[in-house]
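Per Swiss-Prot, these features apply:
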- 1-25: topological domain 'Extracellular' (TOPO_DOM)
- N5: N-linked glycosylation site (CARBOHYD)
- 26-46: transmembrane segment (TRANSMEM)
- 47-57: topological domain 'Cytoplasmic' (TOPO_DOM)
- 58-78: transmembrane segment (TRANSMEM)
- 79-97: topological domain 'Extracellular' (TOPO_DOM)
- C97-C179: disulfide bond (DISULFID)
- 98-118: transmembrane segment (TRANSMEM)
- 119-133: topological domain 'Cytoplasmic' (TOPO_DOM)
- 134-154: transmembrane segment (TRANSMEM)
- N155: N-linked glycosylation site (CARBOHYD)
- 155-196: topological domain 'Extracellular' (TOPO_DOM)
- 197-217: transmembrane segment (TRANSMEM)
- 218-244: topological domain 'Cytoplasmic' (TOPO_DOM)
- 245-265: transmembrane segment (TRANSMEM)
- 266-271: topological domain 'Extracellular' (TOPO_DOM)
- 272-292: transmembrane segment (TRANSMEM)
- 293-311: topological domain 'Cytoplasmic' (TOPO_DOM)
Amino acid sequence: MKQQNDTQILQFLLLGLSENTELQPLIYWLFFSMYLVTVWGNLIIILATVLDFRLHTAMYFFLCNLSFVDICLISTTIPKMLANVHLNHKAITYEGCIMQIYFFTLFVGLDNFLLAVMAYDRFVAICHPLRYTSIMTPHLCMSLVLVSWIASVLNSSLQSFLVLQLSFCTEVEIPHFFCELSMLVHLACSDTFLSDMAMNVLAALLGGGCLVGILYSYSKIVSSIQAISSAEGKYKAFSTCVSHLSVVSLFYCTLLGVYLSSAVTQNSHSTAATSLMYTVVTPMLNPFIYSLRNDNIKRALKNFVKKKLEK
């Protein structure tokens, strides 16, 4: 491992999910397939939303943004991992590692904010259906997404800046398939108090704040559904939330799993394996969760395919 001025490291080693050479071809093709499915699945959601004017509503606008962010999230980590596995090369440059941290933190934060915004959208749709169009105006929708971007950029910029202040004095091997913020901070040989404090405080404020907002929205939604007299009305109201609730549960449960796993051990492949759920699996499943349970998305896709076949 090369060093510069004995303090600034030039590169890190990403140990990946397994050091077993026999498993590398399987890992490569598995993740290559998952990457393609994720990108194409989310692109189809975006395409269906853009081409069908009936989907030009607040809910699908947020879903379109979520699909775009999921493509960016998985593209931040998986292409580099695939390149390393293919070339049998574990190194990532210092600059590349910082860039991964910045963009990964940015897009995970955006996922977090967008899920909260979508919960608010469902709250307005079910609790205030007659005022939905007057509340969820295009201006408000754009503002909510813009605020989400600004908050995420500020968060990732601060986290990356604090990492830049750290020194790495020895060979740094990261037991992960990408540069994960908390792992990198704990591998530093300089004082990590500010970085640790920023990670914990911002996770509590941003992540916890969004989760509280989601839980509050759904508490109101449940109360409103219970007030509906007919069973059919209750089912119809609840069915509009099932897809979003499934994605929220998957996202936050896997994040909790990563937190609990890292609390037990820092330098372990188990944490990397657990983080696969929200870094790869969740973005891959989101399009299927929304499209399989959403008649509007399925209709838009059928119409798109039909038009293509008729040409």
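Numbering starts at 1 and runs along the chain as displayed.
The backbone N, Cα and C atoms fix where each Cβ goes, and this holds for glycine too.
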Long-range neighbours of the transmembrane segment (197-217), counting only residues six or more past its ends (CB under 8 A):
109, 112-113, 115-116, 119-120, 122-123, 151, 155, 158-159, 162, 181-182, 185, 248, 252, 255
If you count every Cβ pair below 8 Å, which range out of 26-46, 58-78, 272-292 shares the most with the transmembrane segment (134-154)?
58-78
Reduced to three states, what secondary structure does DSSP give N155 (N-linked glycosylation site)?
helix
Run through the Cβ atoms and count how many others sit within 10 Å of the one on N155 (N-linked glycosylation site).
23
Between N155 (N-linked glycosylation site) and C97 (disulfide bond): CA-CA distance (Å):
17
What residues, ordered by sequence, lie under 8 A Cβ-to-Cβ from C179 (disulfide bond) and sit at least six positions away in the same chain?
F12, L14, I92, G96, C97, I98, Q100, I101, F104
Could you tell me the mean pLDDT over the topological domain 'Extracellular' (79-97), as a whole number?
92
C97 (disulfide bond): tally of other CB atoms within 10 A of its CB:
24
Within-chain partners of the topological domain 'Extracellular' (79-97) [C-beta distance under 8 Å, separation at least 6 from its ends]:
8-16, 24, 27-28, 31-32, 35, 177-179, 184
Quick test of the contact rule: Cβ under 8 Å, at least six residues beyond the ends. What residues does that give for the topological domain 'Cytoplasmic' (119-133)?
58-59, 62, 144, 213-214, 217-218, 220-221, 224-225, 237, 240-241, 244, 248
Within-chain partners of the topological domain 'Cytoplasmic' (293-311) [C-beta distance under 8 Å, separation at least 6 from its ends]:
44-45, 47-49, 51-52, 54-55, 60, 239, 242-243
Going by DSSP, how much of the topological domain 'Cytoplasmic' (218-244) is helix, how much is strand and how much is coil, in residues?
23 helix, 0 strand, 4 coil
Within-chain partners of the topological domain 'Cytoplasmic' (47-57) [C-beta distance under 8 Å, separation at least 6 from its ends]:
63-64, 296-297, 299-301, 303-304
